[in-house]
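Colleague: Quick one: the structure is below, questions incoming.
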Amino acid sequence: MPIQKTHQKVDINKRRVINGEDADVIQLYPMRHTFAWDAYNVGNSNHWLPTEITMQNDIEQWRASDVLTDDERSAFKTVLGFFTTADSIAANNIVIAMYKHVTSPECRMYLLRQAYEEAIHTHAYQYIVESLGLDEGEIFNMYREVDAIYNKASFILSFNEGIFDSNFKTGTFESDQKFLENVCIFSLILEGIFFYSAFAVILGFHRQNKMVGSAEQIQYIMRDESQHLNFGINIINTIKEEQPELWTPEFQQKIVNNIREAVNLEVEFATSVFPKGIFGMNAEGFRQYIQHIADRRLARVGLPLQYNVPNPFPWMSESIDLNKEKNFFETRVTEYQVGGTLDW
Ligand code: FE
């Protein structure tokens, strides 16, 4: 379609996350969803690459016979098995499904950044697998072989039928609800719940001074993921403001039910992968931790808490919130700012 020639400027009041004015190009201004632009800038200043982190200690510990127990090795490999494919599910959802229905230029800018970060995460897992000389076929195929991983991946992928369909279009009550449901599932559940027992295990290694290079990779990933989750929550809350009719009591109940089902799947994952517990975290601790974070996700989109349990792993929130204090984050950011100035 040729570009329409007009002096008519874009009307900020017609900007919407979905169902906004059709545009042939991204006109970033006038900017309405400033949370997305802020997230884009945070993403850039948090930029990192897996290969910057030395894996030497991890390689030595993995080769040594007296550092890791058999249970620890198996737990390490299984969480890696979950991770290697999980970020690509998020990436596919952004690129193949979500992006084309989003009509806010600034939200699209962040989605482009987020998609790249998902690629960096998949790269990080590949880098760990390669550095440690693990069997790639074993790790990368786990989502089809290990029930607890398969069940989580299938649960998420079962929501793809709607907005992945090439005929899917927003603009009706049903399709807009379908889009909103997709964001809830991918943000609140995939990015907000399904990563967290695996994160806890890797940080458990870190707290024992084991596999610290891998743990550092995962800390960077956690920092990115908490931004992805924030952005998803902002998208949900903004669509609720722009199209309040979508947020019906039935719809809210459906989201709550999905989150409750996801909590069960995540508890099943944690208890089957670490049957004897690991680093002092036992089945009951994982259950409470997962319920606790699910409540936090529910609260942020205005849905009722379901579990009301205290956080049994308070050190997890410290690890997520440490980004401003910890030195390695700050030094990377500075390096990127210097490296960003090209000298021809
Ligand atoms: Fe993500």
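Heads up, the Cβ atoms here are built off N, Cα and C, so glycines get one too.
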Colleague: TrEMBL has Glu118, His121 binding Fe cation 1. Which one of Asp71, Asp87, Asp165 is in the same site?
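Modeller: The candidate from Asp71, Asp87, Asp165 that TrEMBL ties to Fe cation 1 along with Glu118, His121 is Asp87.
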Colleague: For the Fe cation 2 site that TrEMBL describes with Glu118, Glu225, His228, which of these is also annotated: Glu191, Glu266, Glu268?
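Modeller: The candidate from Glu191, Glu266, Glu268 that TrEMBL ties to Fe cation 2 along with Glu118, Glu225, His228 is Glu191.
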Colleague: Give the distance between the Cα atoms of His121 (Fe cation 1 binding site) and Glu225 (Fe cation 2 binding site), rounded to the nearest whole Å.
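Modeller: With the alpha carbons as reference points, the distance is 10 Å.
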Colleague: Checking distant contacts: for the transmembrane segment (185-205), what same-chain residues at least six beyond its ends satisfy Cβ-Cβ under 8 A?
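Modeller: Here the qualifying positions are 72, 75-76, 79, 82-83, 86, 89-90, 93, 98, 152, 155-156, 159, 211-212, 214-215, 218-219, 222, 225, 228-229, 231-233, 235-236, 255, 258-259, 262-263, 265-266, 269-270, 273-274, 278-281, 286, 289-290, 293-294, 297-298, 301, 313, 315-316, 319.
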Colleague: Give me the CA-CA distance between His228 (Fe cation 2 binding site) and Glu118 (Fe cation 1 binding site), in Å, as a whole number.
Modeller: 10
Colleague: Using the Cβ centroid of Glu118, Glu191, Glu225, His228 as the reference point for the Fe cation 2 site, which residues of the same chain not in that list have Cβ within 8 Å?
Modeller: Asp87, Ala90, Gln114, Glu117, His121, Leu190, Phe195, Asp224, Gln227, Leu229
Colleague: Below 8 Å Cβ to Cβ and six or more residues apart, same chain only. Which residues does that give for Glu191 (Fe cation 2 binding site)?
Modeller: Ala90, Glu225, His228, Leu229, Gly232
Colleague: Checking proximity to ligand 1 here: which binding-site residues out of His121, Glu225, His228 have their Cβ closer than 6 Å to it?
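Modeller: With ligand 1 as the reference and 6 Å as the Cβ limit, the list reads Glu225, His228.
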